[in-house]
Structures are given as C-alpha cells and as structure tokens.
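K.L.:
Relevant sequence annotations retrieved from TrEMBL are reproduced here:
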- Asp148: active site (ACT_SITE)
- Asp457: active site (ACT_SITE)
- Glu119, Asp148: UDP-alpha-D-glucose binding site (BINDING)
- Lys273, Asp297: Mn(2+) binding site (BINDING)
- 30-55: transmembrane segment (TRANSMEM)
- 61-81: transmembrane segment (TRANSMEM)
- 527-546: transmembrane segment (TRANSMEM)
- 566-583: transmembrane segment (TRANSMEM)
- 657-678: transmembrane segment (TRANSMEM)
- 690-708: transmembrane segment (TRANSMEM)
- 720-743: transmembrane segment (TRANSMEM)
Amino acid sequence: MALQTNNSNPDDHPLNLFHIKKTSLIINRLYILFHSIAIILIFYFRTTSIITILNSKSQPLIPHLLIFISELTLTFIWILNQAYYWRPITRTVFPDRLPEDEHLPAIDVFICTADPRAEPLLGVMNTVISAMALNYPPEKLCVYVSDDGGCHVTLEAMREALKFAKMWVPFCNKYGVSNICPDSYFAGPEVDEVVVDSDDEFTDERQMIKVEYESFAQKVNRASQSASCISNKDHSAFIEVLVDHESTHDETKMPLLVYVSREKRPSHHHHFKAGALNTLLRVSSLISNSPYILGLDCDMYCNDKNSARQAMCFHLDPKLSSSLAFVQFPQTFHNVVSKHNIYEGDLRCIFKTLWRGMDGIKGPCLSGTCYYLKREALYNPPSTQKDIKLEELKHCFGSSNEFISSLSKKYNGKLDCQKDSFYESLQETKHLASCEYENDTKWGHEVGFRYFSVVEDYFTSFNMHCKNWSSVHYMPSRPSFMGSCVTNLNDLLIQGTRWSAGLMEVALSRFSPLVYGSSRMSILQSFCYAWLAFFPAAFVSFWILSIVPPLSLLNNVTIYPKVTDPYFLVLVYVFVLSNLQHMREIHSTGASLHSWKHEQRVWMMKGITSYLYGSTHAIMEKLGFKEASFLPTNKVTNEDEEKLHQMGIYNFQTSSIFLVPLCSLVMLNLLAFVVTIIRITFYKVYINEVFVQMFLTFYVALMGYPLLEGMILRKDKGRIASNVSCYSLVFSFCIFSFGKFLVTY
Ligand SMILES: O=c1ccn([C@@H]2O[C@H](COP(=O)(O)OP(=O)(O)O[C@H]3O[C@H](CO)[C@@H](O)[C@H](O)[C@H]3O)[C@@H](O)[C@H]2O)c(=O)[nH]1
Ligand SMILES: [Mn+2]
C-alpha cells in the first residue's frame, strides 16, 4: 500500500492522508486487459457470422443483429464503468491536528423535508436533533429545515425538538455519547461505551432524558396524526428563527434552529429539492452565511458526532482547500438486512467502490445528502472574478441587495435576535423565498443547485467538476450518517425510475458527459459521469437478452456458437471472468457473497422496468410530452412489510406496470427452457447447438425465481395477485406470437 501525504505542513503533521489501493488497482487493470481481448474476439465472431448470413441467407438475420446490439450496448456501458476501477483510493484523517475551536469555520446544516405523510415527523426531528448535537462549537452551527410540505405541524414539532435538544445536547456532551440521534440511542444497548460502569448519576440522568424523549415523541406523533398534517401547495413564504424564551441562560450553547417554508403556488414550477435547497442557500446567507454547508435528507440522521471535524480535515488542508468543493460521506442505512439484502437498498457498489474509484480521479459525485459543501462552490468557479458590476450580479443572483452584499461578507456570528436589523433581514428572507425571486436570474442554471435534471445532486456536481472544482470521498469505520433504505419493490422501482429518468435526461442533452464533459475534465472523469448518465440504456440489452434467446429456442434458430466451437470458450470465459471480478469487488467491500445473487437480480428487475420507463420518460420529456416529477420515497415503515424484508422475501405489492413485464419475461424463459429440455430428451435435439441459449433462459428463470414463487406458491399479502399473473400470461403469449416473425426473419 503506497502512502502519500496530501499536505505540506512544515511540521509534517498533515490533516489527512490518502492511500492508493495497489492490489485492487493491479487486479482491476489486468481484468480490463483480459476482458477487452475477449470482447474483441466476440465482436469478430459476430461480424463474421452476420456477414456470412448476409451472403448465404442461410439463417434469419434479425436475431443476430439484435444480439449484436445488446452486446454493443453492454460493452459501451462496461467500458465507461472501468474508469471507476482505474485508481481506487482510501483516506485517513487526523482531527486532533485541527486548529482550536475559535478558528474553525461555521457550518449551516440544510435539512429538506417534503411531505409529512410520507416522511414521518419524528424521523425528521431526530435528524434535526442529531445535527444540533454534532461535536462542533454550537455558535458555529446553524440548522435550517426546509419544509416543502408547508405544514404548520412541522414547525410545532421543531419547537418541541428545540426544547428536547436543550437537554439532549448537554447530556451527550457531558457523557461523551457517540450515538447522538436520540431515537437510535434509546433503541440501542443500555450503556454508552464511554461511560464507566456503576455511574449512578449517568443512569439517573439517562432515565430522565429517556422519559423526556418518550413524551416528546408522543407529542410529535400525536401532532402528525392530526388532520392539519398535510401538504399545502399554495401558501406564501414563512420563515422563523426559533428562539426559546423560557430558558435564556444557555441560549448561546445551542446551535441556531431556523424553519423555512418557501412560497408555493400551483402555477409555479418549484423545482423540487433543488429549488428548496436554493431557497435555503439564500435565506441562510442573511442569517448565518456560514462558508460550509452540511446537506442532509430528512431521513438521514447524524450517527457520529465527529463528521464535521473529519470534513474540516480536508476543507482546511492548505493543499486541497482552494479547489475543494465538497467532502462526501457514504450514505449508510440502519435497516439493511445484511444476510437478505434483497433490494440492494444500501447501494453498496456506489458508495464503497465507485465513489472510491472516482475519488482517485478528481473526486466523487455529490450524493444528495451526507456532504460538507463549500458555499462558494455553488456561487462561483474557483477563480473568482473581482470587479463585477452590481448590475451583472443582480442579473445573476437576483434583485436583493442584502443577498448580494452577503456574497462578499464572511461569516461573522449569527444574527442578533435582539436588534432591529434582525427583523429587517427576516423580512428580506421572505422576499428571497418567494416564487418570483428566481425569475430572470441564473439560479438553478449557473448558480446554486441545478434544475436541469431531477437528480440535482448528480448534475450539480457534474457542473462543479466541469469548472475544475474537486471533491473528496471519506468513509470512516463508524458510519457518520444513517438513513433508511427502500424496503419494498415498489419504492425500489419508483426510485430507480426517477434516477434513470434524471440521468438519461442528462445523457441525451447537450450536457451529455461524453461531449460536454470531455473538454472540461479528464477522460476518466468524464467516463465516470457518462457511466452514471448512460447506465439506464442497459434496458436495451436486458429486453433483447430475455426475449431473443427463448424465442430462438422455441423457433429452432441458433444464434450462439456451438459447444464445440472455440468461440464458445470465449463466451464462457467472459461470463466466468466478469462474475469473478464482481465477486471480488463484493468481497473487497466486506459484504457477503449473497450480495452477488441479490445485486444481479435487482439489476435485472430494474433493467427491465425502471431503466426502460426512466429512459422513455426522459425521451418524452425531451419531445415535450411529459414533465419532470419527483415522487419522494415512502419513509413510513409498516410491520408486515418490515417482517417480509427481515425474512428476505420480496414484497410484490406494486403496480402491474412493473410486474407484468417481469413476470411475462420470466415465464417465457422458463417455457423455452422446459420445452428445450423435453426436446433434448425425447426428440434427440443436439444440446451442442442450443446450449448457450438454453443456459441464458435458465439463468433468467433462475434470477426470476422469486417472481415465479410470488405467482404460484405464495399466499401472503406480498404475493403477486392472480390478475397480474393472467395479464402476464397474455403478454408473454403476445411476445411469443409476434416474436416468431422477428426471430425467423
Ligand atoms: O419536492 C421535493 C422533493 C423531495 N424533497 C426532499 O428530498 C430528499 C430526498 O428525497 P427522497 O424521497 O428521500 O429520495 P431518495 O431517492 O431517497 O433520494 C436520493 O436521490 C435524490 C435525487 O433523486 C437525492 O436528492 C437524495 O439526496 C438521494 O438520497 C428528502 O429529504 C425530501 O424531503 C424536497 O425537499 N422537495
Ligand atoms: Mn431518501
């Protein structure tokens, strides 16, 4: 392992180090070499066999062409993907070498919530409270909550949260509690690791706080059940700095808490989360204007109090600082069932492998949450122009003089609530949070979080990287943030569709990473961004590979080399090698090999549905037939669902638009496989000719086994309804009948 310093502190005490993962690097590059050779051989086989067919007309051409298209698509995506494996690195930090507290920069925490029904208030409040308990000087922390639901109950809950935090934060500090999220702390083991045994004072105090937490939780839950707890999409801006008048003496010891609900009108496009974040950016600039921002989703609480200091080890590193836009921590999830991770909800590969690979190039992509971002990176490129005219600034940032003067101001403490100017500023923040503020400005286009795509995180960081900003991925052993991952097929596929739509939209636009990115960043970096944008295109291969082989089998058409053909060995080699590499990658991230099966299955299910629908959505949007949409994932847990998830059983309660294609294709493949087996045994068809096709249909049927089980064997609520099975049967029959012409032409 090569150790390199990132920092030129004269005393040789760097704030951080990075390590190139040498062994992985060598294995990855060798794999790329060997796999590429095999791909070239397969392409040679395909082109020669297509030419032969063209000349001799001895076999149908279409199936060969289709398979070639699917191979080309997969190869394109594979090539882009290899950029992540080129130079993986890991990092270490030394927070005890940071400057004294008074020299640390301030941080604004942005928490977004959108729908009190789908995002339980108690969870949101736990995120808020955990952020207030971060191990960072409290006068340098400001917590902003953006309530896109515009729901008064959220504000009420925040008032209660502030009261509770006033007990919770001192408690955490006094006893060095590391689990600063009250809900997960009280759900965990009795005693915190730092506290000495038989400490009566601690036990008493813990008990007292526990009672307080329970009463707080009850109040919040009761409020969220009330009728007024619904989204309001038509209201003016409302901003409140929460000041608790009851206890004033410890006021200074608490981070400031601010509630922001931007103006919403049905006629006005509000740009989802990116719009909410830009409002927070402007509003906070008049209140605290901290140079750094911690971005959190409402379901991601802080699980380690030290993350802010860890992030500062990069942001304050003199070598990195000037070009560093953000430090990204991986998203981790508390409800992953490691043995039965059937929905691959932890996005293991992204956070543990891909982002590390990008980190070795110029830094990972922004992930929407768990990042410490430099405010300036959202305003300007690293080389700030000095003498810009006021008119130009207004054209860019909007009409507010106060906001514009905040651009050049440094953080100098929070607003003083006692002064008159405080109320003036508060008035101005309402203007900044209004619908019209962004009209004819560059917000969302060149300034702030970008609106172009619903995956605002991806597109915003793509723009920052294009402007030569860099980023850092830091993965400490104790997860810094914890969220809840998807626990049912419906959420998985809806989320997958949203991501595919947002990413494909970028892929098909003038910002396409291979075109727009390649002149602005290194080839490898543009490949990483391009892979993210183009991976939904894999739906082409998934559909072809699950339709053409079974149809060819059923119609006695051969499309793959015989077992005795040398090219057969090449196919086997590609299959085995790529799966071994996948398994090695899983193993290197410490996950169990069960993940291999689950990841393949989820990839297939998403590939057939989400990738297709997302890509179609992106194309329709481009043609002007559809509008972007952001359906937040559901965060309400339900006991039955939880039970199924724990046992590793799929919950198929989802729309038939997802289920019918999946079930039909699995049925079709199973049918083709069974028919071929019968033919081989009874009619002496030679296995030699059909082996590859037969193996593919077997593989699809095997991967789709849970679907078959859901249709035939299961009786519980999460099974596949019989009408869905019927539609699927009809649909697979249609594919069979029409497909006959396709593969025999
Ligand atoms: O109009 C909206 C819609 C969503 N949100 C918030 O955005 C966050 C993310 O939404 P969620 O439903 O949890 O989506 P996920 O698919 O889980 O989010 C992932 O994908 C998003 C991009 O699609 C990123 O923004 C997220 O950070 C990332 O975790 C939540 O806090 C929401 O409250 C808003 O504030 N306003
Ligand atoms: Mn989420």
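Positions of Cβ are set from backbone N, Cα and C atoms, glycine also.
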K.L.:
Given the recorded positions Lys273, Asp297, Asp457, which one is most crowded in terms of C-beta atoms within 10 angstroms?
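P.N.:
Of Lys273, Asp297, Asp457, the one with the most crowded Cβ is Asp297.
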K.L.:
Determine, to the nearest whole angstrom, how far the Cα atom of Glu119 (UDP-alpha-D-glucose binding site) is from the Cα atom of Asp297 (Mn(2+) binding site).
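P.N.:
The separation of the Cα atoms works out to 10 Å.
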K.L.:
Could you tell me which of these recorded positions, Glu119, Asp148, has the fewest other Cβ atoms within 10 Å of its Cβ?
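P.N.:
Ranked by other Cβ atoms within 10 Å, the recorded positions Glu119, Asp148 bottom out at Glu119.
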K.L.:
Within the set Asp148, Lys273, Asp457, which recorded positions show a CB-to-ligand 2 distance under 6 A?
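P.N.:
The qualifying recorded positions: none of them.
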K.L.:
Relative to the transmembrane segment (30-55), which of 527-546, 566-583, 657-678, 690-708, 720-743 accounts for the most Cβ pairs at distances under 8 Å?
P.N.:
566-583
K.L.:
I need the nearest neighbour of Asp457 (active site) among the recorded positions Asp148, Lys273, Asp297, using C-alpha distances.
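P.N.:
Ranked by Cα distance from Asp457 (active site), first place goes to Lys273.
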K.L.:
Whole-number Å only: compute the distance from the Cα of Lys273 (Mn(2+) binding site) to the Cα of Asp148 (active site).
P.N.:
8
K.L.:
Ranking 61-81, 527-546, 720-743 by Cβ pairs under 8 Å to the transmembrane segment (657-678), which is first?
P.N.:
720-743
K.L.:
Take the transmembrane segment (720-743) and find every residue of the same chain, 6 or more past its ends, with a Cβ under 8 Å from one of its Cβ atoms.
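P.N.:
For the transmembrane segment (720-743), the sequence-distant neighbours (Cβ-Cβ under 8 Å, at least 6 residues beyond its ends) are 60, 62-63, 66, 547-548, 551-552, 554-555, 557, 652, 656, 659-661, 663-665, 667-668, 671, 707, 710-711, 714.
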